[in-house]
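Peer 1: Can you keep this structure in mind? I'll have questions shortly.
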């Protein structure tokens, strides 16, 4: 669990997302409240429930990006799901309880990786012994083993090919998986058939030829797993989900039944009804045991283009008490997105062209022109936010990307003239830009 302060969380999010101060602050406070709750006495801790968040804003303004960055910051079990992927209980498809099962699976992986780090030193030693045995043989004298150990540590044996008995990781029962729902148990929480048969066929080993360098990763992973207590991993992961789990529910507006809607849309309310107990707090049965969702934090987001937040079921609105509105992006925001973020498209295209030995530099007027065109097309066609920059940049670099291998050593300056030459005609022809940009 992260112990960053709200100010630190916001400044970390600022590196990748421009603007949206309110949304960042709400998310930062929610994350910090997880840490605060852990400092309380046991009886009070049980009474403090998370305040779930509803983020409302047009497409392409940073809702999903906030969730993606939050997942890396949280250091807690985290899952991002689209509400549209789920169906009402009783219909074919995934029911909403699968969200918690997937969250537990993520937590198991995270906990296992964390615990592996703790036993890595011992696992490394055991892996070293197995490599030496594969090279020198099991009946080699201690002096011989010591000689190989020195060579191994010096990296002299990295390219030597050895034959090892390693665990067979292939799943012999994968053919029995349900199409479209890999590894999922149609019956809900218990152990699924694939896993059951997988365990029956488990414990098999195969002989593999690997170089010493390649074998280390495989062997360390195997030896670490031998040192881990599966029961402790599962227990720790379930506790982490119950106390610190975070679920990001994207596209929540797509399961709203609009007040004027008729027919199939109305059945979407079933998904909302199924979400109610999950968000309020219920017990979900998983193959690792029952999981209580009382203290899982839910962050829902939606564009609410057609539906309105008031079209959500009143009970669901009540379970998402913190409302945050994200504002549409302006031309000035686009300039900042292209220059200030750590993963700016300008940096990406410069690096991509650099692989072909083409040096690309962006002039200030070039960046301003890109931002202006993106903002204009958003206004005149459809406002898709920062995603418009992808389309504009791709069109500007289309010719250069194609010819780059033949232009090795060239230096290109992306200024207003370059942007105009590659995009000008399209932006002036509104009908054409409607389809191309």
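Note that Cβ sites are derived from N, Cα and C of the backbone, with glycine treated the same way.
For reference, Swiss-Prot lists these features for the protein:
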type	residues	note
BINDING	18, 60, 61, 62, 63, 64, 65, 250, 315, 387	ATP binding site
Peer 1: Kindly assign residue 63 (ATP binding site) to one of the three DSSP-derived states: helix, strand or coil.
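Peer 2: DSSP assigns residue 63 (ATP binding site) to helix.
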Peer 1: Let me make sure I understand the structure: which of the binding-site residues listed (18, 61) has the fewest other Cβ atoms within 10 A of its Cβ?
Peer 2: 18
Peer 1: When the number of other CB atoms within 10 A of each residue's CB is tallied over all shown chains, which of the binding-site residues 65, 315 has the maximum?
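Peer 2: Within the set of binding-site residues, the most crowded position is 65.
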Peer 1: Does anything in the same chain, at least 6 positions from residue 63 (ATP binding site), have a Cβ under 8 Å from its Cβ, and if so what?
Peer 2: 23, 55, 57, 250, 301, 303, 326
